[in-house]
Amino acid sequence: MHSHTNHSHSHTHGDEETGCFHHHEAKEEMNNGCTDHHNHEKQHEENNLDKATSLKESSHHDNIHYESVDNHKIALDGRVGKSNEGVAGHPTRRRSSFYVKGICCKSEVPQVTSILRGSSTEVHNVSINVTARMVYVDHCTEHISAIELANALNSEGFGAKVTKDGAISHASNNKPHELNLEFANFKSSSCCSNGECHRDNIATEATPLVSSKNNAMKFVESTILIPQLATRKECDDVEKIVLEISNNDGECIRLAHANLASRTVKVEHNPKKMNAEYILHALQEKYSSYDAISLITDGEKDALYLPMSIEVSSSELTERKRLLPVVMGVGLEVIISGIFWVVSMFGRFVEKWSYLKYSGIIAVAFGIPSVAMKALYTLQRRNFDANCMMVTAALGSLLMQEYDEAASVSFLFAISEFLEDRATHRATEALDSIIKMRPDHANVINPENNQTFVIPAESLQIGDLVRVRTGDKIPSDGIVVEGSSHVDESSLTGESIFIPKSPGDKVSGGTINVGLTQMIIQTTSLVEDSAVSRLVRLVEESAANTSPTEQIVDSFARSYTPTVIVIAFFMCTIPWLISPEAGRRWTLNGLIIVVIACPCALTISTPVTYAAGLAATAQKGIIVKGGAKLEALGNVKTVVFDKTGTLTEGKFHLTHLDAVGGMKDRREVLSLLSTMEAPSSHPLAATLVNAAKAEGIEQSANAQVADHTILHGEGVQAMVNGEQVYVGNVRLFERLGMYDALNVVDRRRAESWNEEGGTVGFLGLDGVGIVGMFCVSDVVRSEAASVVGSLMKDEVKVLMLTGDGEGAAISVAKRVGLDRSQVCCNCLPEDKVHFLKIEMGTKAEKTTSTSFGSNGNVLFVGDGVNDGPAIVTADVGVAMGEGAALAMEISDVTLMDSKLENITFCMSLGKKVVATVKQNIAFSILAKLIVIGFTFLGKMTLLGAIASDVGVMLLVSLNGMKLLP
């Protein structure tokens, strides 16, 4: 019937669900700065899946600027205290992220990886999202800091900026952070006992690094309500207006964020330079037609001083942008280059203006330096990339006195980066919006005096009380202890309906309080263990994963580019042996080939499509682990559903309960069932416990339970007050010989319950026999029948697996449109795995199909509670329902809102991804072949070649972006 395990609250059900997947989270905190080791173990009988979660640590560098908060200081410094080491003296990895402006296409990936890995032996893993230009690095911050890694990239001209320093957040969580506040003797409800607070170093003074620019600055967060906010565009306008109030002076207002759901705008400002009332009046004047614009929270009055932020000097590229004006994101030098390029073109087409061709030299002078600088860095690394190719083409054209051609190359390549950014910004913004779901800070309550102060979200401990005002982001998973409001969970589930929350309700980190009532939340998890943090981590990782198709394209590009360069070299040299005229003609053709050798359009064709697809799914609360899984979804031919919690809601209710044999009455049977089921968190167990409570039967406080043991696929046994007790399904009691001893009337009654579609279980005592029997029923999801019908209409094979008996299985199957041949019942956990392997054919492991394959992939959908082995085995494993958050790390796809329609959405999107990847690759290669063909026919110019290269890159980017809603 169900089963338990010693030392665990995992629960499995034999008739109902016979698999067992245990999720243990063991956390070990070392009292050292470099090691916070978090082990997330997923255990079941066949698999032992370990995941070491990257956490964070602190370091500092001259490029970091800290913001002092006067007497309210929050100082983070990973070097506080002695040298830190991890478990057994081995450093533990932290994850930092970087925005690297210099990443143009996949050709830069090996260079970036080489630079980072060459910086230290303690750089363990580098993942790069080319489309978003994000780099994720796992490293030990004791040996090399995030700032040092950024500077290593900047020294090579890549323009890197730290977006998340793992060291800072680790320091705040691992207690080297110092909180020197007016209420330094603060005691948290989660860490105080006997009047003593155990937050280490809570009142210790530390000296932060403070730049002269930001010295003596302190920022607070104030919230303004604008009830008339109705569109995303209006929110964007409000943000711009708030920043303009201070003339975009970052020392007055550093951030403004408008939230459409709550109709609020949160402003981070320095109250000594600009207070909340001034900002409010400015908005009221600007929106004089709006009513009831009001100040909800005055950060200065409420002492909501924000934790310090970090500013990292990006590189000489960033410095150049500060020195030169920028128009709509384009540097002035590029604009000047474009103007003189256009002028030079008149010299080509208007004979009497031929002298204008010399303006091309000016165009090159303004357009090529930034490209040449990147090329120089590349050559110093003994590489030859797109920048080198374009500089070669431009300088070669100048030497050949083809000034307008040189100008074409200089300007179009210089502006291509901006054009590509514009083409892909929707996908980048969509992914950024998900990453920004992770809370930055929390308003923690001092339970002694009810004062509120702001700390980094990573500093929260389990059990802390947090104040969540209107428009505030809930910092971590928790339970409402005070206040009733509505929460916007769309960031997690994609569901736009606001969910009412009252005391006792669970809330998730990253969701937003959109009601007008503040709530007090008691945290139930650390920030890094919350659902939103794991979701963000998976989005970061999936966006950086490389699929088999990408690997094929990259392999082709690695062969294509040097081959074409060699051909171009011979074209530029050998013809000069024939005649100067031939040499000149073929040199120009060779320069065209150099431009065409650039692999950017080809290598960007696949990742840009993945980025759009991953963003589209994430916006609907669906987490897909990388482009490879998107492609696999597009090739699914068989869908296997688990029954409970998947086709059904997993919400049981007790329909029948009878005492058997006269040994115990109904209340005694229900009390004993409650005692046996209380240790479990499984929905069925909770049903029996709740049924007992509903009848006024509480678990006996004197009950002594020992040897609580899982009987896989059968049920559970335990010693209760010295008596051996069994709870389970027919299979268990047949093995024990108790079922055959059951009288005919009771057996027929149990069989009739099973035929009604219920899940039947028994209670037995050793030496006595069965003393009770019960039946629980589940509810079929309202959308299950339509989803199954849609899949079958698309000629997808649909099957259902369950540990339930035949009666319950067939009952559900009929209601969702499946016949007996599509159902496998009485499945043990190993049976499900074996069944999937048969469906997958001869494949020994998950498929590595590409967009060009026609694999018939098998997709398995389970609730994640006890389907771990099956989820891991299938080509595409999907977790949904109650256990989705637990199975997030092992599943290929996670449905945060548990809507079955999202299965068909994913598969449909997967097919579109496969088709788009094929289109992009084919178009990229075809365009290059056409240009090469026209070049050898003498019908191509450098302008045509560079326009083709840039144009194709834009077209494949835009084609990929069409996947976004």
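The backbone N, Cα and C atoms fix where each Cβ goes, and this holds for glycine too.
Predicted automatically and left uncurated, TrEMBL annotations should be read as such.
The domain 'P-type ATPase A' annotation in TrEMBL covers 437-540.
The annotation transmembrane segment is assigned in TrEMBL to 323-343 (among others).
Counting only same-chain residues 6+ beyond the ends of the transmembrane segment (355-377), those with a CB under 8 A from a CB of the stretch are 102, 156-158, 317, 320, 331, 333-334, 336-341, 343-344, 346-348, 385, 387-388, 390-391, 394, 398, 403-407, 410-411, 413-414. Summarising the annotation, TrEMBL assigns transmembrane segment to 355-377 (among others).
What TrEMBL lists as transmembrane segment is 560-578 (among others). Within the chain carrying the transmembrane segment (560-578), a Cβ under 8 angstroms from the stretch's Cβ atoms is held by residues 107, 384, 389, 396, 585-587, 589-591, 593-594, 596-599, 602, 932, all 6 or more beyond its ends.
Among the features that TrEMBL reports, transmembrane segment is placed at 590-615 (among others). Non-local neighbours of the transmembrane segment (590-615) in the same chain are 104-107, 129-132, 386, 389-390, 392-393, 396-397, 400, 405, 409, 420, 424, 426-428, 430-431, 434, 539, 542-543, 547, 549-550, 553-554, 556-557, 560-561, 564-565, 567-572, 624, 626-627, 630, 909-910, 912-913, 916-917, 920-921, 923-925, 927-928, 931-932, 935, 940-942, 944-946, 948-949, 952-953, 956-957, 959-964; each lies 6+ residues outside the stretch with a CB under 8 Å from one of its CB atoms.
Per TrEMBL, transmembrane segment is recorded for 921-937 (among others).
Per-residue pLDDT, averaged over the domain 'P-type ATPase A' (437-540), rounds to 85.
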